[in-house]
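Colleague: Following this message is one structure expressed as structure tokens.
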Amino acid sequence: MALSSAWRSVLPLWLLWSAACSRAASGDDNAFPFDIEGSSAVGRQDPPETSEPRVALGRLPPAAEKCNAGFFHTLSGECVPCDCNGNSNECLDGSGYCVHCQRNTTGEHCEKCLDGYIGDSIRGAPQFCQPCPCPLPHLANFAESCYRKNGAVRCICNENYAGPNCERCAPGYYGNPLLIGSTCKKCDCSGNSDPNLIFEDCDEVTGQCRNCLRNTTGFKCERCAPGYYGDARIAKNCAVCNCGGGPCDSVTGECLEEGFEPPTGMDCPTISCDKCVWDLTDDLRLAALSIEEGKSGVLSVSSGAAAHRHVNEINATIYLLKTKLSERENQYALRKIQINNAENTMKSLLSDVEELVEKENQASRKGQLVQKESMDTINHASQLVEQAHDMRDKIQEINNKMLYYGEEHELSPKEISEKLVLAQKMLEEIRSRQPFFTQRELVDEEADEAYELLSQAESWQRLHNETRTLFPVVLEQLDDYNAKLSDLQEALDQALNYVRDAEDMNRATAARQRDHEKQQERVREQMEVVNMSLSTSADSLTTPRLTLSELDDIIKNASGIYAEIDGAKSELQVKLSNLSNLSHDLVQEAIDHAQDLQQEANELSRKLHSSDMNGLVQKALDASNVYENIVNYVSEANETAEFALNTTDRIYDAVSGIDTQIIYHKDESENLLNQARELQAKAESSSDEAVADTSRRVGGALARKSALKTRLSDAVKQLQAAERGDAQQRLGQSRLITEEANRTTMEVQQATAPMANNLTNWSQNLQHFDSSAYNTAVNSARDAVRNLTEVVPQLLDQLRTVEQKRPASNVSASIQRIRELIAQTRSVASKIQVSMMFDGQSAVEVHSRTSMDDLKAFTSLSLYMKPPVKRPELTETADQFILYLGSKNAKKEYMGLAIKNDNLVYVYNLGTKDVEIPLDSKPVSSWPAYFSIVKIERVGKHGKVFLTVPSLSSTAEEKFIKKGEFSGDDSLLDLDPEDTVFYVGGVPSNFKLPTSLNLPGFVGCLELATLNNDVISLYNFKHIYNMDPSTSVPCARDKLAFTQSRAASYFFDGSGYAVVRDITRRGKFGQVTRFDIEVRTPADNGLILLMVNGSMFFRLEMRNGYLHVFYDFGFSGGPVHLEDTLKKAQINDAKYHEISIIYHNDKKMILVVDRRHVKSMDNEKMKIPFTDIYIGGAPPEILQSRALRAHLPLDINFRGCMKGFQFQKKDFNLLEQTETLGVGYGCPEDSLISRRAYFNGQSFIASIQKISFFDGFEGGFNFRTLQPNGLLFYYASGSDVFSISLDNGTVIMDVKGIKVQSVDKQYNDGLSHFVISSVSPTRYELIVDKSRVGSKNPTKGKIEQTQASEKKFYFGGSPISAQYANFTGCISNAYFTRVDRDVEVEDFQRYTEKVHTSLYECPIESSPLFLLHKKGKNLSKPKASQNKKGGKSKDAPSWDPVALKLPERNTPRNSHCHLSNSPRAIEHAYQYGGTANSRQEFEHLKGDFGAKSQFSIRLRTRSSHGMIFYVSDQEENDFMTLFLAHGRLVYMFNVGHKKLKIRSQEKYNDGLWHDVIFIRERSSGRLVIDGLRVLEESLPPTEATWKIKGPIYLGGVAPGKAVKNVQINSIYSFSGCLSNLQLNGASITSASQTFSVTPCFEGPMETGTYFSTEGGYVVLDESFNIGLKFEIAFEVRPRSSSGTLVHGHSVNGEYLNVHMKNGQVIVKVNNGIRDFSTSVTPKQSLCDGRWHRITVIRDSNVVQLDVDSEVNHVVGPLNPKPIDHREPVFVGGVPESLLTPRLAPSKPFTGCIRHFVIDGHPVSFSKAALVSGAVSINSCPAA
């Protein structure tokens, strides 16, 4: 009813308003239609159908034919609707620009909000352009403008205000903007505040001055302080009173008596009025001002008729709504009473139901009435839709006519002059006409009436909206009533059903008795069957027990011969034969054809996979897993037997419960029988009148009896199937389970019997093994690896040559891919864990994967060693050589291992003499006849040798250790990679070992394990020498004897991955799907699990040590990100962590770590659509697919250990998967030690250990950095400090204030350097690399002995040291001498405090790559000085624009930035535009194209005009060009003095890619577009020569070029993307100069200026005063943490430089006196992907820096003779040649800049004097 009444009230006014709108649309008035619910109605003017006027092309219609309101005249004379977005009804003829924009809008089409307003003006409704809420929309708006950012409104405040919403006063002002009527006023401290501040310092709310200087006091520092007198405001001469400490007059200085009080009416003297009185006086003054302001505000409130009418309307509406609400409440109470009465008795229930049915009919009639009104509304809406369709058709007709009559054609000069004469005549005719005063008056009157009608309609519209808000409430109440009625009806039906069921049960009792008797008989029979089954089960259980004992015997036999499984030589032969897959043809093809490198890379990838499929390693691993399989079989048999036993026990329990159930059913049967007898007696005693009824009841009872019998039989069946009540079923199950246990036992016996037989056969066959098979395998492996070793260096040399020729071309990616595949091939060879037998004459040269730089300070090598069986006649082992790692000359710089005098001896040489460390505690002759672990280690000059002797029968191990130390100064093993060899077991005949290692070759078996953190193998060899297969049978090794290999774990080296195909073969996706895995890693980032299916994916990865889950199963809302936001579980601590991923009910993802819930996430219900899973990584083609790269930028493979991968609790052996790559067995402890740490300038690590740094201390570490300053190490004990730091590239050691510094000052070169510091009572020494510096007698006396204490020391920085900045770079291989521990390398993972430090990744840094641009705008040749400065020779290649995408290893992702520094872009495509002369210039092109040329290019644009291609001679007489005009392609060149012009018919500015070929052959031209349209023209040939001279301009031309030949609109730069420029089939890629060209980015763009990673800068068009006073403000969104932002430089050396450094903003200024600077480190990182505002203010010698809400300032020296200079300003970068020696070259800025303002004036980069490099002016990739 409310709906119908509301429509009846609103409909007449709405019809009246529609009629008014129709009059407004058809008449000559200025009214524009009213907007309903945001829709914008635009009138139309339909010309008469009888006579349609035709206007000639280019003529205007007579002035009398003026268009109606809302339309304008086009050049063709038609009336076209104004496009003002509903915010105006007037626009200018000809252009269509809107005037008189309303609703706070502006712009050519009223599409923008006015300054100070915010909203969506396109919606065309007044509520969408609202005043800026800064802080309040209307009453307190103190912003110039505002904008939205991340859903919040950000304000650009007036000068006096600050804060995101201008909610507080700026520094130097006071007030409370949040208080209505309050404003921010300037602080008035009478000039007595701190002069070093830019502004006066006062309380930001009250305005009371702080820190009054010059002996003043008071609220505004307006009077002299107590004890002083004088003029504090003007003269500022407050002097000390001469009253002997007594009071004096504050003005005259006259001494006053103690307790003096001034006369009434005078101000209180200073001595008697305390601060509280003055504060109270000031507060009262402020209160009075606030009262006056509030009074004026109240008086200004409008109390006119309109306000009263509005209030009355609101009151009337409220009263009406209250009345209707009370009516609804009364009805609701009535309904409630009726429902309560219905629940009391059944009779009242039936009457109430009838009453409710009647009321329901009434409600139905009302609903039909509402439905009828709704149908009327729908019909009315349909009429409106039809009118809208008619309007759309008319608009389309007008548009077609406009296109037909408005098509532009090129006019000859004669036609243009004729048109101008005609236009002048028309203008004169217009001027001669009389003005339209009368019409204007009529229009104004009608406009006033329309506005009045509009206001009335708006008030009715508000009433209508308020009424509509009541509809949901009313409808909700109706729904509640209907629901209650439905519930009541259901309750009645249920009650009736219960009555009928009761009657049925009473009639069926007789039949139940008979059925229960039969049931009891059946139960007795089942009991007999149960007893028989129990006896059978007891007999069956004896068989599994016997089987288990037999299996135990088999296991013992298998474990006894398990050590010989590794010697399965027949399987070894197959694996070794697969290693020769690399052919010479592949290498030659890669050298000859660089363009086919990708295809060869794919081929190598396939061969790489095939080298590990079904070969030696896999079969050897299969053999090593036999024991594990046997254990699994036995375990499964035990579980099956236990399950059978439990089932039998449950059967006993079920049988014991049968008796109870039988008794219960018997009692029930008796009760039913009694009830039946009672009913029968009642039936016999009934009267004859009830006989008929009784007969009917009996018939029904019989029918129900048969139905009940059926139901009872079903119940009996269910009873038999019950878990506790059915003995037969449980016994059957027990019988089946027992039989299954027997079958499993037999299968285990059948499976283990062949194994036992095979073990026996292998043991016998290995004694008589045919050496020919192994000879073939070893020779095949030797040839393959020899070929690989010879081919790979040649291939790498050739690839390096290609990369040097084109350092950043697209070939680099393919070259890098080949390198990666070669590394993976070597990685596979390194993981072959099989030993080699040496006979004393054989030798192996191993290929070391470890960097020689990593071996300088720290070297650790481990291997398995088994000496030969000792002959009885020998008492000790003969001297033997084991291994050598060092230089080829073998005179210095080496390490080795040998057996001397029956002792294992570790030898190392650091440049002068040998150090020998014999392990004399365990002679070699006493070693067991199986493998032992040997480990040699060196830290600096300290060396160790370890021996671990395992036990085959237990897990016990014997450990032996021996230490040694080099007595000289050297501490580095300085090896040259080109001059280093690694020999094992022996050496070739042409190599001469050093004297200490010149021994006979080793006899026995060796197997390499690790070198530093890398896994190595003898099978990754370069050469083998004298390896005789007949005597070199590898020895079997029982890995299970060693502690580190007892767990079935896998090692991922960061380059490989495991693949499990068809995981559903062992488990199914169900209601609960679960993945489990255990990981152990010190790394920060890595991929753990990945599943991919098209665009759908699931990914579990680690970022900064915390888990992230990304998944998309085809969700409509896109991918879901599950993140450990609370940081509950950090897993990169080198400990095992159990990770579980649970997917519940296809709609909830749960992350569990170490059995603790971390986080869960709900999603759209969707099943998991995957079958394959990648573990620890994935192939590059998977990681780099577009579907993953859009959401998953992290593509770092996992490095560390994994074990226990399970799907649905089913285990998978990762090494059994055929596609597993780069995964080894075991978990080497050395690979999990964090020996290195990376610091970012804001990080450090700390530990507390017992070390004495001031007494007998020695320590050392490696460091690598590009920064000249930084704190490397810090320790403090009270006032005594021990530190090592970098200062301008010099290493400085500071011990208790005494500094020792290195001689060399260039240690910030990005190379690794080793520092050793030693402190003794008489000398402090510092050694950097091999340079020693010392300070003797540091204390000039006896040094005080100090005890070692446990105090904290720091690496990489310190939170308590302010002298040095924190370190940026890598620190590794640190060690200390301790009292209680041996010298060993520090494991940073054990440190207690780690702040923003990466303990795994240590990126290799190098000097930044700068793009050298030429000075000036249009110079075509580079200057020699720039070549010298850049270090390039004359033949150095010019900048290649294709090289904008550098290889990933040279441009790593900034780990501290949220956004990638290289946004997604189309390969080899570049974006032009933004400036009028955006372009690339190409010079020195090969080949002559004077007679004939064929150019091709791809383009994409939405612009209608622009230059694409241009080349000419110097005078531009001969030229060739391709450009866009009106969206059409135009190809033009000259033939003599004539111009040949080919123009396309279609437009190609549709935003799609198009291929264009333009061909010139003397006087003929051809234009081919997309290979489909061929346009051809020709001119008569001439004998004139056609000569052009470069450069070729692409995307635009230099200023002043092409004006002679091309129309002005098409001279400016092409706006769009160009790609693949070719000349005669050859690509043109090397650009000599680039101006405002960036890669063609994909994805959304936003307004701003983008500076790409390739470097570039903008030179502003106006000079800038960098002298005494200025203010710069701008917003940035960086994609790197460092870079130049603004730079200005004068000729006399003064400069301003604003730049970022590791997230810190720094301002450096030189004012002619000296340098001074300030910096701000924001709390919120600048690299968080959001916009940040930076402001730099300078006033004389004071410079203030604002970064968001953080403020800092510096006061520099005053220049007595300052000079203002106006010099160019560089933004985003600066040429290196302009930097002074005091300014180190900085990286160019990478990211976006917008809203750049200088001294309050916005700066437009599109008007810049120069845009050089990769800079996009008007667009920026969105975050």
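Our numbering is plain: 1 for the first residue shown, then up by one each step along the chain.
Note: Cβ is positioned from N, Cα and C throughout, glycine not excepted.
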Colleague: If Swiss-Prot is the reference, give me the range from 105-138, 581-614, 1465-1498, 1669-1702 marked as coiled coil.
Modeller: 581-614
Colleague: Swiss-Prot lists region 'Disordered' for one of the ranges 33-54, 1331-1352, 1419-1440; which is that range?
Modeller: 1419-1440
Colleague: Out of 473-528, 921-976, which range is noted as coiled coil by Swiss-Prot?
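Modeller: Based on what Swiss-Prot states, coiled coil spans 473-528.
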Colleague: Considering the candidates CYS212, CYS224, which is the cysteine that Swiss-Prot reports in a disulfide bond with CYS221?
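Modeller: Here Swiss-Prot pairs CYS221 in a disulfide with CYS212.
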Colleague: Looking at 777-806, 1287-1316, 1617-1646, which one is coiled coil according to Swiss-Prot?
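Modeller: The range carrying the coiled coil annotation in Swiss-Prot is 777-806.
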Colleague: Could you tell me which of CYS187, CYS189 is bonded to CYS209 by a disulfide, according to Swiss-Prot?
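Modeller: Out of the candidates CYS187, CYS189, the one Swiss-Prot links to CYS209 is CYS189.
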Colleague: To which of the disulfide-bonded residues CYS101, CYS132, CYS202, CYS224 does the lowest count of other Cβ atoms within 10 Å belong?
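Modeller: Sparsest of the disulfide-bonded residues CYS101, CYS132, CYS202, CYS224 by Cβ contacts within 10 Å: CYS101.
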Colleague: What mean pLDDT score does the domain 'Laminin G-like 5' (1647-1820) have in the model?
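Modeller: Averaged over the domain 'Laminin G-like 5' (1647-1820), the predicted model reaches a pLDDT of 85.
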Colleague: Sort the disulfide-bonded residues CYS101, CYS209, CYS1227, CYS1370 by C-alpha distance from CYS224 (disulfide bond) and give me just the closest.
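Modeller: That would be CYS209, the closest of CYS101, CYS209, CYS1227, CYS1370 to CYS224 (disulfide bond).
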Colleague: Using C-alpha atoms only, work out the spacing between CYS1035 (disulfide bond) and CYS110 (disulfide bond) and round it to an integer in Å.
Modeller: 88
Colleague: Cβ-Cβ under 8 Å from CYS238 (disulfide bond), same chain, 6 or more residues apart: which ones?
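Modeller: Residues satisfying the criterion: ARG214, ASN215, THR216, CYS224, ALA225, TYR228, TYR229, GLY230, ASP231, ALA232.
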Colleague: Out of ASN104, ASN465, ASN1366, which of these glycosylation sites shows the lowest number of other CB atoms within 10 Å of its CB?
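Modeller: Relative to the other glycosylation sites in ASN104, ASN465, ASN1366, ASN465 has the fewest Cβ atoms within 10 Å.
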Colleague: For the domain 'Laminin EGF-like 1' (82-131), jot down how many residues DSSP puts in helix, in strand and in coil.
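Modeller: Counts, helix then strand then coil: 6 helix, 14 strand, 30 coil.
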Colleague: Return one of helix, strand or coil for ASN465 (N-linked glycosylation site), based on DSSP.
Modeller: helix
Colleague: Distance between ASN1366 (N-linked glycosylation site) and CYS189 (disulfide bond) at the Cα atoms, whole Å?
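Modeller: Between the alpha carbons of ASN1366 (N-linked glycosylation site) and CYS189 (disulfide bond) there are 41 Å.
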Colleague: Which has the fewest other CB atoms in a 10 Å radius around its CB: CYS82, CYS1035, CYS1402, the listed disulfide-bonded residues?
Modeller: CYS1402
Colleague: Within 10 Å of its Cβ, which one of these disulfide-bonded residues (CYS91, CYS1617) has the largest number of other Cβ atoms?
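Modeller: Ranked by Cβ atoms within 10 Å, first place goes to CYS91.
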Colleague: What three-state class does DSSP give CYS157 (disulfide bond)?
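Modeller: Once the DSSP labels are grouped into three classes, CYS157 (disulfide bond) ends up as strand.
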Colleague: Quick one: what's DSSP say for CYS1227 (disulfide bond), helix, strand or coil?
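Modeller: Once the DSSP labels are grouped into three classes, CYS1227 (disulfide bond) ends up as coil.
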Colleague: Far apart in sequence but close in space: which same-chain residues, 6 or more away, have a Cβ under 8 Å from CYS1005 (disulfide bond)?
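Modeller: Non-local contacts for CYS1005 (disulfide bond): SER835, MET836, MET837, PHE838, TYR864, MET865, LYS866, PHE931, PRO1034, CYS1035.
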